[in-house]
Amino acid sequence: MFCWGNASYGQLGLGGIDEEIVVEPRKCEFFHGKQVCDMGCGRRHTAFMLQDGTVYTCGCNDLGQLGHERSRKKPEQVVALDAQFILAVSCGEAHTMALNDKGLVFSWGFGSDGQLGLNNFEECVRVPRNIKSLSDVQIAQVACGFWHSLALSKGGQVYSWGQNRYGQLGLGLNGQSVSTPQPIQSLQGIPFAQITAGGAHSFALTLSGAVFGWGCNKFGQLGLNDMNDHHYPSLLKSLRSQKVVYVSCGEDHTAALTKLSGGVFTFGAGGYGQLGHNSTNHEINPRKVFELMGNVVTQIACGRQHTLAFTPSSGKIDSFGLGGNGQLGTRSTCNRKSPALIKGPWILTFSYFLQDFENLNDVRIQDLQRKIYVLNEDLIQKWLSYLPGRLPPEKLLIEMCILMCFLLYTYCVTNEYYFIFSSQPDHYNTSSKCSGLDVNMARILLHRLIQRDRPEIAQQIAASLEKHLIPCLSSSPPDIEVLRLYLILPECPLLTEQENYGTLTIPFARSVIELKEAPLKVLGNWWATLEPSVFQRLVELYKNVVVYLLQIFRVGVPSLEHKILRRFLDTSLRFLELLHMVNEKAGQIIHYDKFYIHELNDLIDIRGDYVAWVQRKMYPTVTLCKYPFVFDALAKTTLLQTDAVMQMQLAVDQAEVQNYSSMFFPALESVLPCLILIVRRENIVGDTMEVLRKSKNVDYKKPLKVVFLGEEAVDAGGVRKEFFLLIMKELLDPKYGMFRYYEDSRLIWFSHKTFEDIDLFNLIGVICGLAIYNLTIVELHFPVALYKKLLKKKPTLDDLKELMPDVGRGLQQLLDYTEDDFEETFCLNFTITEENYGATEVLELVPSGGEMNVTKSNRRFCACLIFYFFFAE
């Protein structure tokens with residue numbers, strides 16, 4: 001191990017040397033034959049953690065920061081930790097923390113700001129003490145700022161305590177110091193990979209590379225494009241796409257290391273050149289160190305006002321920043337504004353260095369012992385191994401439940417991290433368009449964890465989800481990583497059980513509905529990328545909830561519960577509505593009929609529900625008619641019939657009122673309560689057009705009566721049916737030239753050349769509307785494309801295949817052909833041949849289309865022109 005810099009208090013562990021400043025790397029003989037695995041540097045003291053779990057300290061001890069009796073210029077073991085196997089150490093300005101293999105945290109040294117977390121503000125603690133308030137939470141990492149401390153639990157929760165003058169605790173407590181660890185609630189639910197602290201600022205890095213910073217920002221050390229202190233964690237959006245894997249903090253500056261290129265970004269105070277940008281300017285935004293570009297840096301470390309970077313490919317360490325105490329290791333006390341080479345063979349940087357040629361430590365690969373929980377087979381087996389009645393403490397179980405939903409990472413044998421639920425190995429690709437989740441794998445693991453033969457585990461998890469997770473979901477999550485929960489939680493088998501609908505399933509749906517526009521849009525994008533089977537499972541879950549609630553209503557419920565169940569029903573339907581909108585926007589992930597709830601015909605009075613929906617402004621209530629996508633064909637038929645009957649009755653009532661009023665006001669004309677069509681069989685089209693042309697729109701709402709001139713039959717419905725049959729047969733007859741009949745599909749479509757007036761087309765629409773309105777079925781041989789157009793939806797190539805199978809297949813072959821002999825194979829130009837009134841015509845799709853050949857490069861343009869020729873507006 002090599003060290004250099006200020007040695008005036010013995011903090012370099014070199015023993016009683018004469019120099020107070022060591023300006024070049026010097027080997028520390030004390031650790032010869034020992035393997036140092038971790039270390040922490042305070043201003044005047046240092047802590048070392050060895051491979052055997054022991055802790056050694058050296059340097060100034062005026063405030064008890066060494067954990068033993070007196071100052072030492074050579075490292076001395078902290079005997080009070082003999083019984084512990086320590087995994088990590090960290091040093092603040094004058095305090096020290098150690099983390100053991102049980103996840104317990106010990107602290108000692110200066111504590112007047114509560115930075116020791118011992119529930120007091122004792123100034124000097126000379127013997128390590130356990131932070132008891134964290135005893136029932138397994139801690140994975142600890143980090144010391146100058147006067148504050150951080151801890152990351154195995155459950156992914158970040159805790160902070162100590163001085164809060166600049167908001168460095170992230171608790172927003174108006175500068176008040178805190179003497180016991182407090183969870184940073186705004187970060188709950190985010191899977192973190194690392195925590196780190198500077199002089200009075202803090203950072204947390206997520207597993208997918210999102211960086212959150214808070215605290216002092218006097219020099220822009222938070223990288224948030226301002227110089228204001230932040231009392232709550234804020235996302236560094238400028239680094240969100242850089243795939244950051246490690247962050248290090250100095251007193252007033254910060255450095256970030258990226259995954260793929262090993263790029264280094266620095267920001268904050270630059271007065272001594274510690275940012276490496278060949279200037280002494282401060283930077284309020286992350287800026288890449290230009291002179292390190294091209295080098296794959298694998299380790300970075302920040303001192304108070306200097307920075308180090310290690311490049312293994314060249315075996316060199318670069319340093320820059322303040323050098324007055326020799327801390328740059330360049331054999332000089334001059335400051336450096338850009339990276340300067342430190343000569344020597346290096347492995348690990350903490351302003352101390354280890355020499356180990358067998359294990360090149362890359363901080364881009366996280367230490368397994370410092371990872372938060374990962375939901376894998378080992379962890380599931382551990383939870384299942386707990387005996388009934390001896391489950392973990394509730395606080396730990398809460399975190400385990402949260403991690404069950406969030407922390408889905410594992411470590412593979414090749415020492416590369418990958419997202420276990422991702423189809424791609426790089427979970428840093430998480431974005432607003434890509435969740436990076438394999439929800440099917442999530443389902444498998446969750447079902448593996450929650451088993452019928454271990455009901456006590458399921459009950460505990462359900463209780464924790466109900467009390468501590470779902471109620472805490474924010475409508476505006478701090479980062480998109482939190483939104484992964486909204487994909488994973490519905491795969492938990494607990495949500496599919498009826499007894500949990502009211503406590504888990506419906507509250508979860510409410511939390512989704514209450515999301516702000518931006519996160520809800522991201523979730524919608526992620527839903528749109530789900531496999532159809534996964535998306536349908538989600539739809540089926542909430543269809544089952546709706547059916548369950550309607551069954552309860554059918555049985556009958558007390559009036560006090562009625563309002564609650566109505567709210568539950570509305571929440572479930574609104575959730576289905578969100579899914580339906582995503583499904584339609586994505587071009588139907590699943591067929592639209594998968595949203596149908598066929599049980600509605602038996603569970604509700606559809607006619608009564610429609611009446612309630614019509615009167616909703618006067619009597620606000622939850623009606624299923626507000627969500628028409630859940631109605632199947634039978635239910636929609638009932639709705640149309642109910643609507644027609646209501647409108648007919650209203651039209652009749654209005655006519656009667658007008659007729660009654662005309663008895664007293666002669667200026668008012670009396671009107672017929674029905675729409676009466678008197679037609680001749682031999683001129684059925686002309687007579688109908690004449691009657692309808694004289695009728696007003698309000699007359700169409702009246703019941704229809706048909707009279708065939710010269711016939712005595714009374715229209716009780718039979719005459720009306722015959723009328724519609726005859727007139728539709730006449731209107732669709734090819735003799736009018738309005739429609740073309742296609743033999744292959746036996747369908748009809750609008751003719752491109754017709755001599756009929758537009759009124760005749762309008763008549764067909766009115767006749768169809770009258771038939772439906774008067775509950776009469778008419779046979780129309782139109783393709784689905786017509787109904788898409790009525791719904792303002794664009795037809796597709798599949799619709800053309802339905803109407804003209806040969807043409808559709810030909811276009812598909814045109815688009816699919818990839819060989820170079822395209823022109824010789826197809827021999828096409830930009831024309832189309834069509835038969836009109838017995839004559840064959842060649843129509844040009846573009847001007848001079850007969851002279852323009854269809855090539856491999858313009859074939860898509862040609863296909864579009866042919867498609868729009870048939871389906872143009």
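Each residue, glycine too, has its Cβ placed from N, Cα and C.
Per TrEMBL, the features are:
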type	residues	note
DOMAIN	696-860	domain 'HECT'
REPEAT	1-52	repeat 'RCC1'
REPEAT	53-102	repeat 'RCC1'
REPEAT	103-155	repeat 'RCC1'
REPEAT	156-208	repeat 'RCC1'
REPEAT	209-260	repeat 'RCC1'
REPEAT	262-313	repeat 'RCC1'
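When each of 1-52, 53-102, 103-155 is checked for Cβ pairs under 8 Å to the repeat 'RCC1' (209-260), 103-155 comes out on top. Residue counts for the repeat 'RCC1' (156-208) under DSSP, split into helix (H, G, I), strand (E, B) and coil, are 3 helix, 23 strand, 27 coil.
Residue counts for the repeat 'RCC1' (1-52) under DSSP, split into helix (H, G, I), strand (E, B) and coil, are 3 helix, 24 strand, 25 coil. For the repeat 'RCC1' (262-313), the number of residues in each DSSP class (helix H, G, I; strand E, B; coil) is 3 helix, 21 strand, 28 coil.
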